[in-house]
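Lifted from Swiss-Prot, the feature list:
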type    : residues                                    : note
DOMAIN  : 1-158                                       : domain 'Obg'
REGION  : 124-145                                     : region 'Disordered'
DOMAIN  : 159-329                                     : domain 'OBG-type G'
BINDING : 165-172, 190-194, 212-215, 282-285, 310-312 : GTP binding site
BINDING : S172, T192                                  : Mg(2+) binding site
DOMAIN  : 351-429                                     : domain 'OCT'
Amino acid sequence: MFVDQVKIYVKAGNGGDGMVAFRREKFVPNGGPAGGDGGKGADVVFVVDEGLRTLVDFRFKRIFKAEHGEHGMSKSMHGRGAEDLVVKVPQGTIVKDIDTGEIIADLVAHGQRAVIAKAGRGGRGNKRFATPANPAPELSENGEPGQERNVQLELKVLADVGLVGFPSVGKSTLLSVVSAARPKIAAYHFTTIVPNLGMVDAGDGRSFVMADLPGLIEGASQGVGLGHQFLRHIERTRVIVHVIDMSGSEGRVPYEDYMAINNELEQYNLRLMERPQIIVANKMDMPDAEENLNEFKTKIAEDIPVFPISAVTKTGLRELLLAIADKLETTPEFPLNEILEQEDEDTVLYKYVAEEPDFEISREPDGTFVLSGAKIERLFTMTNFERDASISRFARQLRAMGVDEALRKRGAKDGDIVRLLDYEFEFMD
C-alpha cells in the first residue's frame, strides 16, 4: 500500500524533577544540601531510512511519546537522561506543524536527522540554590515539560524527471520501455494511482530517475479527483516531461490538453512553471498523429522542444533520453521552500523568531483574570508546590516579571480569581 500523507502526534520526554536532600554523614554536622538535578528527557528524532518507500507504518501507529528523564537523587546524584526516540521515515518526507503550518524539516538524504519535538531539561536540585545567605535551601525545580506537536508527514517522491499528462496518454508505457520499472498498464483511465519510479539509462553513461505520476484532470489544482496528492510529487522534479496523446484517440485536442495541464501546474503554484519542460508527442504510430503534430507545433512557442515518439514501437526514444539528460545537467534543484534554501553545506541558516511577551492577561466574562504566555507557564510547571520555599520563589519571580503590577492596572482586587493553566489562585494586594 502506497501512503504519502499522514497526521501523527509526537511528545518529547519531560525533564526529571530536582531533589531536595541534605548530606547526612557521621562526623559531618553541617553537611549542606545534596539534592541532585533531574535528567534531560528524550527528544523525538526523525531519521531518513533509504529502505522505506511509503508512510504506511504510520497508519497503524500515530502516537509517539518519548521517555522522561530520571529524577534527581540524594548524595548529589543526578538523574539519567533518557535516550532519544528515533523514528525512521522514507526519503523525501516533509514534516509540517499542523497548528502553525511551519515546515519543521525536509528530509531527503539517507541518515539525515531532525529533532521534531525537543525534550525538557531536568529540574535543579536544592544544591543548585545554595547561597551564602541561604546555605541550606529547601527548594527544587520540577522537570521542564517536553514539547508536544501534531504534525503532518508528506512524502514527495525523489525523482529528477516527472511524467505529467492526462490519463491514458502513455506515461506508464514510456516508463516501462526506458527503465526496468513495471507499472500497471491497462486500457482504462487512472490505471496508475500511485507514483512509479524507474532508473533510466540515457545510453551514453548518464542516468536519471524518472517518475510516472498518476494522470491529471482539469481542476486537479483545486483537489478535483486526487489532484493534490498527484501534484505534490511533481514539486521535487527538476524537469517536467509533458506526455501528449498526439493521435487524439481519446477524442481530445492535443493543444488543449497541453494548455489544460500547464494551467493546473500554474494554479498549484510552487514555481512549477519555472521548471523546464520537454514535450513528448506520443502515439505517433497512430493515424492522424502526424497531422495533429504539425498543427500542434504551429500553436506553441518555437523554443519549446517537441519529441515525436511511439512508446509501443520504441521509436524516437534515444533522442528523447539524451535531451532529458542534457537538460538535467543545466538545471539546478528547486527548493520546496526558499527559506530552507542554502548555498552550500557550510552555510549556517538562522531563523528569526519574534520575541514573545513574558505573559499576557485577559479577562473572562465571570471576572476571572487569565494569565498566559510560554515563559510564565514554564515557570509554573517547573515549580514544586509541595515546598513552601519553592512557592515563595515563584511568587518572587511573578513580582519581578511585573505580573502583580499588571494585574492591579487591569483592576484586580483582593479576592479576585486568577487562573494560570488549569489552576486558580486568589489575588492578594
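Glycine too: its Cβ is placed from the backbone N, Cα and C atoms.
Look at the region 'Disordered' (124-145): DSSP puts its residues at 4 helix, 1 strand, 17 coil. In the three-state DSSP assignment, the secondary structure recorded for G165 (GTP binding site) is coil. The highest number of surrounding Cβ atoms within 10 Å, among the binding-site residues K171, K283, is found at K171.
Under DSSP, residues within the domain 'OCT' (351-429) fall into helix, strand and coil as 29 helix, 17 strand, 33 coil. Counting only residues at least six positions away in the same chain, the Cβ atoms of N282, K283, M284, D285, G316 sit under 8 Å from the Cβ of S310 (GTP binding site). Per-residue confidence over the domain 'Obg' (1-158) averages 90 (mean pLDDT, predicted model).
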